[in-house]
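As structure tokens, the structure follows; a few thoughts come after it.
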Amino acid sequence: MVKICCIGAGYVGGPTMAVIALKCPSIEVVVVDISVNRIAAWNSDQLPIYEPGLDDAVKQCRGKNLFFSTDIEKHVSEADIIFVSVNTPTKTRGLGAGKAADLTYWESAARMIADVSKSDKIVVEKSTVPVKTAEAIEKILTHNSKGINYQILSNPEFLAEGTAMQDLFKPDRVLIGGRETPEGRKAVQALKDVYAHWVPEDRILTTNLWSAELSKLAANAFLAQRISSINAISALCEATGANVSEVAYAVGKDSRIGPKFLNASVGFGGSCFQKDILNLVYISECNGLSVVANYWKQVIQINDYQKNRFVNRVVSSMFNTVSGKKIAVLGFAFKKDTGDTRETPAIDVCKGLLRDKATISIYDPQVTDDQIQRDLATNKFDWDHPVHLQPMSPTAVKQVSIAWDAYEAAKGAHGVCILTEWDEFKELDYRRIYDDMQKPAFVFDGRNVVDPEKLRAIGFIVYAIGKPLDSWLKDLPAVA
Ligand code: NAI
């Protein structure tokens, strides 16, 4: 029986290994993590992450060929294939702070593998890492080797949170990079054999190591770039009277462009896009490619601009001040169908409103109260000016309350901001919400989930990203 061990039981490690275990009954899969709480949650009825379809998959295999454990060394030493799926955040201090990937967790995992291994291993980079990381990992492993043969593969993960299970069951492609040596090719084949249990062969791409590592960064940069492109156009739509949904539809009808990932919004979030682009920027700079670096930097700058623009719209619409006003925030996760709040635009929007002394009441169907309070109390890292951190005042955090539903959040509010596209926000009884709000009642739709005309008919003043402006907003000074 082939034994797989995955180091890192997070958003990637957990679902990915659950699918491998489900599709490969002949393989034993153990997911290990240094976090005792995370492993306990994976072994309980309340999994540590929310992902549609994940509960079912875990329940079907847990205790059979899928295990979650904190006994990292034992399972690493017994495994044939070791996936490393630890977090690779942006460095916040030292060389490359604010851009480079922090490989501390990766390096400590690699050193531990070198320490405990007694037999040959295939080590798979599942985390997103800078190009050439495999070379560094190879050095760590082989310098301590004791005659053990290690093959490093790059197998970046392309799943998207919220649709992780369907992405894993039917991936557009699986990418495997390896050394172009007989041993390297053998290792690539061993990993191909795992995926071949359910992924058609023509969807399993093999490349050299560096292409695989760079492809992941490039794919995320392209995806984020599409969002920033349509968001840049949304600002122009508001200034000219065009409708961003109509523009996106017309643009996306061109088969060279395609219709996906063209929804204008308050901005992208999630743990990956910003971090991976910053990483790309850093690698470009390190290679002397400052023009390339500046090009990709703009994708993040437009994203920050979009979040600021949204806050400015809210404040300017409400007579240039939200001080003492109650704003209901519907949605805090970075997208629907996940409870993940890493880099969610809601953090920046809420902080912007709090700085203007608003009182905010937040409702999200999947994000816990603790998580929201933690996110709002944490200082934002200013990646362009790492030395000027802006602390969040403790009094500002007191201006936040958490509501158990959208109606409660909106009760007595002056304005409602929709910041995540949860389906339930489309179906709310907006008449009831309107009746319970202060007048004039505002809705600021950061995800284009409501029909502005229907809400206007109820009496709301509505701002929707990239849509023709309400006469109320048109008469105000331009927001840039
Ligand atoms: P995560 O933070 O949810 O999980 C990482 C886990 O690794 C944590 O539970 C942590 O305790 C554990 N860990 C860290 N160091 C360890 C060590 N030395 N030994 C054992 N466990 C250790 O991170 P997530 O979101 O799963 O991301 C992992 C990697 O996958 C990152 O590089 C990310 O960029 C990449 N990725 C993430 C995607 C996402 O949608 N979240 C999608 C595709 C790639």
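One is the number of the first residue shown, and numbering goes on along the chain from there.
A Cβ is built for glycine as well, from the same backbone N, Cα and C atoms used for every other residue.
Close to C272 (active site, nucleophile) in the fold, though at least 6 residues off in sequence, lie T128, N220, each with a CB less than 8 Å from its CB. Under the three-state DSSP scheme, C272 (active site, nucleophile) falls in the coil class. For C272, the entry in TrEMBL reads active site, nucleophile.
Residues within less than 8 Å, Cβ to Cβ, of G8 (NAD(+) binding site) and separated from it by at least 6 positions along the same chain comprise V31, D33, F83, V84, S85, V86, N87, Y105, A109, K126, S127. Following the DSSP three-state reduction, the secondary structure of G8 (NAD(+) binding site) is coil. Look at TrEMBL and you will find 8-13, D33, R38, 86-90, 127-128, E161, 272-275, R342 tagged as NAD(+) binding site.
Feature annotation from TrEMBL assigns domain 'UDP-glucose/GDP-mannose dehydrogenase C-terminal' to 328-452.
On the 0 to 100 pLDDT scale, the model's mean across the domain 'UDP-glucose/GDP-mannose dehydrogenase C-terminal' (328-452) is 91. According to DSSP, D33 (NAD(+) binding site) is assigned to coil rather than to any helix or strand.
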